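Visitor: Shown below is the structure under consideration.
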Amino acid sequence: MARLSLRGIKKRFKTTDVLHGIDLEIGDREFVVFVGPSGCGKSTLLRLIAGLDPITEGTFTLNGKSMNDVPPSRRGIAMVFQSYALYPHMDVYENMAFGARLMGLTKAEIEARIDEAARMLRLEPYLKRKPRELSGGQRQRVAIARALVRKPEVFLLDEPLSNLDAALRSDVRLEIARLHRQIGGTMIYVTHDQVEAMTLADKIVVMNQGRIEQVGSPRELYETPANTFVATFIGSPRMALIDVTREGARVGVAGGGSQTLDRMPADANGAFKIGVRPDGLALARGNGGDGFAASVVYTEYLGDNAFVYARLADGTQVGIRTAPGEFYEPDEAVTVTIAPSAAHFFSAADGRRLAA
Amino acid sequence: MPQLRLTGRGLWITVLIAPPLAFVALFIVYPIVAAFAYAFYDWQGLMRGDFVGLANFHQVLFVEPYASWTRNAFTHNIIVFFALMVLQNGVGFILAYALWRELPGARFHRVAVFLPVVLSTIIVGYLWKLFLHPLFGVVNQSLKAVGLPFLAQPWLGQDTTALWALIFANAWHMVGFPTLVFLAGMQRIPGEILDAVRMETESEWVKITKIVWPLVAPSATVVFVLLFVGAFNWFELPYIMAGLDGSPYGSTDVLGLYFYRTAFGNVSAGQQNFGLGSALAVLIFVFIAAVASVITVRLRAREIQI
């Protein structure tokens, strides 16, 4: 059992406020991913949970007990670091045994735990090697195994894949997902990579500038982003945000055409933003007719499909998914139309989601 | 076969390397080789006598009173080495750890600890001779002032305390050096490794003995070897504070002083024997070179790359 509860967590380094009041509940066996651009405070929040940095304000409880003043080693939390942080002078076995010995486990118990962790992460052939004799992927597996041996209630992983190359990254990602299913502990994972977040998480916490923007399942975040930040952060290529004004049943872009929409945000009369992902936009050659006039900027060919980037009359750039066979020349005049069902509506003033 | 041509670059290199090479050859290599040669001859003042083989070595090692003088001085060097290992390198390690943990005032203390190292040994020697003056010295004055008059001793004047007073002065002078080297070693340890340890224990003792100490092994090699060489070449400080005889009663005599006295003579001893002196110099050199190499090789083996 591990339930974490963060209430009004603030963190200040000297005079800089890094976290401005974080409220978050994390349930048992949940896989939670903190995601956000660099500098958003996600790693800081992780370090507060680990106990590596003191909490300036607010309370953090684990299973109802306040952890604010408990040293990191007594929280029942293990952490996997971005640089792996293996002890360079100890072999793989010793790296795993070090923490277990400090916990006061019996020799037999330590042996058993190391055997189990080494088997799970396929490290048996490397137990006598020093970290420098291992590849990046192997080192990362040792770091994870070292955390496993302590049988913590909560696993923290701080950008564990960012030092690996792309091919290895997806392997270790699968490994982590499998491990979570197998051992079922609570995992908190920090990344700036939204693909990692989407593929691993039960629950994603999107952070920006020291605040939580939205908490939800990958699907919730993708389908009902709470604001323009989450809308553009999740999904690739990013969602287009188009500034429109309402003209009865039509919406228009300044100086560049209009189209009818059968859904409209309830409480927006004048101007608002429409967010559309690349597959919610359609493209037609030439200007005129229903839709927004645009000119092609460039085309990205990806084999199974292609993305055309076009600039609307007001300068907004939008990405449109098209069939890979269709080619558009740069500067070609095109007309972009929005599929009404794919439109998200956001307030022009503060970027918040507007109900349709 | 590659041809050797004197290019412009090669000429420059030759011009730049030749003077220091000549300097080293003349003032370092030649004296060492010469001392080796001198040690095998009988000497009458500055006049070289007959070739005597190993007789000089035999005399300083096995013939009285030289044998006991050699033993006495060598024993003191050993004491100095081990005492400074604790008082200088040990304290230096602890100071480095304290500075590294950024305790309050770390910035000031970083300078303060290193400051005496900059002073010349001559100045430090005279300074501590004044400090330790039995009547007017600041040490005894302070002890009396705080109500501990029975601790006020003639530190440099009695054989039980003289050597230790010198060792203490040396440690005070040089402790900043191992501190600086250890501190540099500690600062090379990646922050995440320390975070990883903190996730597993809160004991400073475990952190120091199991993580920090093994990871500063390269620094330890440097300060151990330098201290070894320094301790067995110890000369300036005892020379200034205790004189050429290692007074009182030879209780501060070390190989450096003993060699100097034997080779170049002394007001009280009167004898001057280049042969015996050179034999001593050669023995000291060989001993230091051999042990320092062994220490280096053994300590290198436990160094790991971070």
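Using N, Cα and C of the backbone, Cβ positions are placed for all residues, glycine too.
So TrEMBL has the following annotated:
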type     : residues  : note
DOMAIN   : B:74-295  : domain 'ABC transmembrane type-1'
TRANSMEM : B:12-41   : transmembrane segment
TRANSMEM : B:78-99   : transmembrane segment
TRANSMEM : B:111-128 : transmembrane segment
TRANSMEM : B:162-184 : transmembrane segment
TRANSMEM : B:211-235 : transmembrane segment
TRANSMEM : B:274-297 : transmembrane segment
Visitor: Go through the chain and flag residues at least 6 beyond the ends of the transmembrane segment (B:211-235) whose CB is under 8 A from any CB in it; none is fine as an answer.
Guide: 77, 80-81, 84-85, 88-89, 92-93, 97, 170, 174, 177-178, 181-182, 184-186, 188-189, 193-194, 197, 254-257, 260, 284, 287-288, 291-292, 295-296, 299-300, 302-304, 306
Visitor: Given pairs 6 or more apart, does the transmembrane segment (B:78-99) have at least three Cβ pairs under 8 Å with the transmembrane segment (B:274-297)?
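Guide: No, the stretches stay apart by this measure.
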Visitor: Determine which residues of the chain contact the transmembrane segment (B:12-41) at the Cβ level, with the cut-off under 8 Å and only residues 6 or more beyond its ends counted.
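Guide: Residues packing against the transmembrane segment (B:12-41) from afar: 6, 48-54, 56-57, 274-275, 278-279, 281-282, 285.
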Visitor: Taking a Cβ cut-off under 8 Å, which residues six or more beyond the ends of the transmembrane segment (B:111-128) line up next to it in the same chain?
Guide: 95, 99, 165, 169, 172-177, 179-180, 236-237, 239-241
